[in-house]
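Q: The structure is given below, and queries will be raised subsequently.
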Amino acid sequence: MGKQRVLSGVQPTGDLHLGNYLGAIRRWVEGQQQYDNFFFIADLHAVTVPHQPADLSRNTYKLVALYLACGLDLNHTTIFVQSHVSAHAELTWLLNCQTPLNWLERMIQFKEKALKQGENVSVGLLDYPVLQAADILLYQADLVPVGEDQKQHLELTRDIANRINFQFGSEDQPLLKIPEPLIQTAGARVMSLTDGTSKMSKSDPSEQSRINLLDAPEVIQRKIKRCKTDPVRGLEFDNPDRPECHNLLTLYMLLSGQSKAAVVQECTQMGWGQFKPLLTETTIEALRPIQQQYQDLTQDPGYLNSVLQQGREQAESVAQSTLQSVRSAMGFTNPQ
């Protein structure tokens, strides 16, 4: 039996931060030899909201370099750009035509983002979950790493796949594989440095809220020094009245590689004046090799282009096979 296939992607918008790394990318790296991995730069998703064309192009290459700098191995992983594989757009349209509108209107993330954008909300934002379903189903993924905020979208993907299989497939030969969630516990939700109840996010307008993977040591030091804490003596995990304390201890645990019990033993009696420099040093040292590798990779744009060319070819072969099966089952003719 072959390896299970894992698929995930990250939008090329803003800088990757510790939440992206500890909640997703590092998990991909640690498990990449166990799975057949397809990781992509979700540039089609990035244009569902207003964007700057120059930023989209620059951030795409930046993200490829960061994927590699974080440890993704091309012997185990296919890295590609979503828009380089045209099957994503075509399968999205075919799925659109079988997806009830009310399935999309009930999506929580759409409601939240639509409120922010008002009359400027795009059809693309409403249709975002169907494109996400196409991303997953094209590659017959077994597992999809998801956080709590994406579980509803994966459920929609499963519903769409079941609908397509029922209408156009058969019990013996389903057209599309039903994906399962790959849920991480520790580190799945790294929280903001300014609010321990909110997820660390690229979309937060405050740079102080997050530590980016490419932040300079002095920037990391400043952000941790200024991060929100509380006046309570001693440090502890899991106290709902001290979300910032729990978050900072969790960051230290994940970046230092220690167990929760070891961190408790080391840090329980500390004050913030003692702990913050410890967290600062640990963060800087954890990010140093990533930053050095990133600098080396960005000096060779030809290599990055070759990675994307190879990734496109590998992704295209799988995606076209799925797309042709769906097209045929739905009754489309193929050009002769």
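Don't overthink the numbers, they just go from 1 along the chain as shown.
Cβ coordinates are placed from backbone N, Cα and C, and glycine is handled just like the others.
On a predicted model such as this, the values are computed, not experimentally measured, just so you know.
The ATP binding site annotation in TrEMBL covers Gln11, Pro12, Thr13, Gly19, Asn20, Gly147, Glu148, Asp149, Val190, Lys199, Met200, Ser201, Lys202, Ser203. Residues or ranges marked as L-tryptophan binding site by TrEMBL: Asp135. The annotation motif ''HIGH' region' is assigned in TrEMBL to 12-20. Residues annotated as motif ''KMSKS' region' in TrEMBL: 199-203.
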Q: Could you give the mean pLDDT over the motif ''KMSKS' region' (199-203), rounded to a whole number?
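A: A mean pLDDT of 88 is what the predicted model shows over the motif ''KMSKS' region' (199-203).
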Q: Is it possible to get the count of other C-beta atoms within 10 angstroms of the C-beta of Gln11 (ATP binding site)?
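A: There are 21 of them.
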Q: At the Cα level, what's the spacing in Å between Lys202 (ATP binding site) and Asp135 (L-tryptophan binding site), rounded?
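A: So the alpha carbons of Lys202 (ATP binding site) and Asp135 (L-tryptophan binding site) sit roughly 22 Å from each other.
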Q: Lys202 (ATP binding site) has how many other Cβ neighbours within 10 Å of its own Cβ?
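A: The Cβ of Lys202 (ATP binding site) has 16 Cβ neighbours within 10 Å.
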Q: Whole-number Å only: compute the distance from the Cα of Gln11 (ATP binding site) to the Cα of the residue listed as 'L-tryptophan binding site'.
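A: Taking the Cα atoms only, Gln11 (ATP binding site) lies 13 Å from the residue listed as 'L-tryptophan binding site'.
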Q: Around the Cβ of Thr13 (ATP binding site), how many other Cβ atoms lie within 10 Å? Please give the count over every shown protein chain.
A: 19
Q: Within 10 Å of the Cβ of Val190 (ATP binding site), how many other Cβ atoms can you find? Include all protein chains, please.
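A: If we count other Cβ atoms within 10 Å of Val190 (ATP binding site), we arrive at 23.
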Q: To the nearest Å, how far is the Cα of Met200 (ATP binding site) from the Cα of the residue listed as 'L-tryptophan binding site'?
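A: Between the alpha carbons of Met200 (ATP binding site) and the residue listed as 'L-tryptophan binding site' there are 25 Å.
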Q: Name the residues of the same chain, 6+ apart in sequence, whose Cβ is under 8 Å from the Cβ of Asn20 (ATP binding site)?
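A: Counting only residues 6 or more apart in sequence, the Cβ neighbours of Asn20 (ATP binding site) under 8 Å are Val10, Lys202, Leu213.
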Q: To the nearest whole angstrom, what is the C-alpha distance linking Val190 (ATP binding site) and Asp135 (L-tryptophan binding site)?
A: 25
Q: Name the secondary structure element type, per DSSP in three states, that contains Gln11 (ATP binding site).
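A: Assignment for Gln11 (ATP binding site) reads coil.
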Q: So how many other Cβ atoms are close to the residue listed as 'L-tryptophan binding site', meaning within 10 Å of its Cβ?
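A: There are 26 of them.
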